[in-house]
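Read through the structure below, which is laid out as structure tokens, and then see the notes.
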Amino acid sequence: MGSKSPEGHRQAPHASNCNELKPANPDPQISQNGSGSADLDRGVIGDDDDDEDAEENGVNTETPNVGKLNQPPFPNLDQVHVTTTDGLCITEKKKKRKKSNKKKKKTKSGALPATELKQTSPPRVLVSTLFPSEYPVGELVPYDCTARTTDEELRYNSRLWDDDFLPDYRQAAEIHRQVRQYAQKELIKPGATLLSIAEGIEDGVRALSGHQGLEPGDFFKAGMGFPTGLCLNHIAAHWTPNPREKDVILDKGDVLKVDFGVHVNGRIVDSAFTVAFDDKYDNLLTAVREATNTGIKHAGVDARMSDIGAAIQEVMESYEVEIDGKVFPVKAIRNITGHDILRYHIHGGKQIPFIKNNNQDKMEEGEVYAIETFGSTGRGFLDDDVGVYGYGRNENMSGANLRLSSAKSLLKTIDASFGSIVFSRRYLERLGVKNYLLGMKNLIDNGIVECYSPLVDVKGSYTAQFEHTILLHSGGKEVISRGDDY
């Protein structure tokens with residue numbers, strides 16, 4: 001989810017291989033490729049399974065000893081010739097192995113063990129059930145200036161991050177991967193309504209996290225990190241379907257940005273991708289994807305925001321795209337930025353512009369960042385559009401002086417159900433809240449709630465976005481949201 005700069009306040013990359021990095025809380029048994037290696041991570045495939053298969057095919061899995069018959073497999077013969085230790089050759093009937101009729105053991109509840117489970121479509125199996133011990137690690141990228149992570153650095157990281165930090169983030173990332181990959185395969189198709197896509201994504205996140213967010217306090221345990229952004233063409237960011245608005249239907253000529261967040265105990269994973277069905281947009285998507293990967297490459301402890309922004313702009317603006325016979329330069333959008341992420345706050349205090357700038361802020365060890373870029377065939381500058389994307393609570397403002405009863409009641413619901421996490425009108429109505437517009441206006445007028453509008457470039461232009469969340473370890477960065485798709 002892009003952060004507005006102070007001035008303005010089906011193409012996917014393959015993850016690259018990298019050297020192994022020792023993270024703050026090392027999990028050496030876990031795959032670095034996310035859900036793509038889930039079966040191996042959960043132990044579905046292993047040496048024991050190979051032995052059992054061999055035995056079923058008549059293969060002797062024991063090591064031959066002196067004095068024993070050497071019995072190679074002969075699956076199509078009734079007799080085998082064997083040689084004893086004294087040199088005699090004899091013929092024996094091949095013994096037939098009885099087929100095992102053992103049934104798979106079930107749990108007390110009658111279900112198959114967790115190691116036998118697969119994700120469903122639509123995704124409804126809890127990620128915590130699929131990964132009962134540890135969650136997959138993101139892509140680990142060591143810093144160029146270090147060869148190893150010292151024990152002292154590991155102890156320092158352990159003080160920065162509590163014991164739940166990495167498990168929470170990795171669980172949120174795995175939920176994001178599984179839901180978005182389902183969306184890419186089953187939901188995002190020409191003719192689909194944007195409302196059906198948004199609801200499909202959000203239903204998947206709630207199902208895999210195990211928290212529907214309908215009871216007071218449940219939303220704070222896990223769920224959506226912010227409303228699903230579904231932005232078409234010149235709409236770059238912050239658009240989501242609202243209740244009782246006309247359905248928007250996805251067309252095969254559209255360029256769709258999909259941006260959603262997942263949180264577990266307030267640890268928010270923010271990741272986005274762009275989908276286009278017409279290959280004439282390929283260069284636009286490639287430019288933005290490569291710019292995001294460039295930002296990730298340059299990110300790290302002590303990296304300056306100015307240097308990252310300059311590198312992003314250089315890569316993105318080296319591309320041009322031909323659309324319907326006209327050539328457009330790809331421009332880095334200059335008044336929206338990447339950002340750091342704090343607990344229960346999608347936007348922290350630091351920003352990463354996509355252009356060359358004078359921001360001398362540095363990244364620090366233990367921080368979490370959303371590295372994202374937006375590219376456009378238009379002006380490369382965004383304006384607020386009509387409509388509402390969502391709302392965010394201003395924690396610095398008290399509601400003690402509110403006079404309107406509807407505003408007081410609505411604020412109580414917001415504090416109990418969302419806290420500082422951005423929410424949409426659909427989320428309010430899902431809780432059964434009605435007639436809230438007047439109360440919401442009063443909260444906005446008093447500075448207690450901030451309203452977010454869609455951000456657009458000029459009509460007729462096309463915009464694209466790619467984004468990943470990274471964690472800054474001592475010896476390297478973990479691209480926590482990296483997957484096989486991008």
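Even glycines carry a Cβ here, placed using N, Cα and C.
According to Swiss-Prot, the protein has these features:
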BINDING   His238, His347  substrate binding site
BINDING   Asp259, Asp270, Glu467  divalent metal cation 1 binding site
BINDING   Asp270, His339, Glu372, Glu467  divalent metal cation 2 binding site
COMPBIAS  1-10  compositional bias 'Basic and acidic residues'
COMPBIAS  46-56  compositional bias 'Acidic residues'
COMPBIAS  93-108  compositional bias 'Basic residues'
REGION    1-120  region 'Disordered'
For the C-alpha pair, I'd like the distance in angstrom between His347 (substrate binding site) and His339 (divalent metal cation 2 binding site), rounded off.
6
How big is the Cα-to-Cα gap, in Å, between His339 (divalent metal cation 2 binding site) and Asp270 (divalent metal cation 1 binding site)?
10
Would you list, in sequence order, the residues of this chain other than Asp259, Asp270, Glu467 that have their CB within 8 A of the centroid of the site's CB atoms, where the site is the one recorded for divalent metal cation 1?
Met1, Gly2, Gly229, Phe260, Gly261, Ser271, Ala272, Ala370, Glu372, Gln465, His468, Thr469
Find the one among the binding-site residues Asp259, Asp270, Glu372, Glu467 whose C-alpha lies closest to that of His238 (substrate binding site).
Asp259
Secondary structure at Asp270 (divalent metal cation 1 binding site) (DSSP, helix/strand/coil)?
strand
Determine which residues of this chain, when Asp270, His339, Glu372, Glu467 are set aside, have a Cβ within 8 Å of the centroid of the divalent metal cation 2 site's Cβ atoms, and list them as they appear in the sequence.
Met1, Gly2, Ser3, Asp259, Ser271, Ala272, Gly338, Tyr369, Ala370, Ile371, His468, Thr469
Fewest other CB within 10 angstroms, which one of the binding-site residues His238, His339, His347?
His347
Go through Glu372, Glu467, our binding-site residues, and report the one whose Cβ sees the most other Cβ atoms within 10 Å.
Glu372
With DSSP assignments reduced to helix, strand and coil, which class does His339 (divalent metal cation 2 binding site) get?
strand
CA-CA, which of the binding-site residues Asp259, Asp270, Glu467 lies nearest Glu372 (divalent metal cation 2 binding site)?
Glu467
Three-state secondary structure of His238 (substrate binding site) from DSSP?
coil
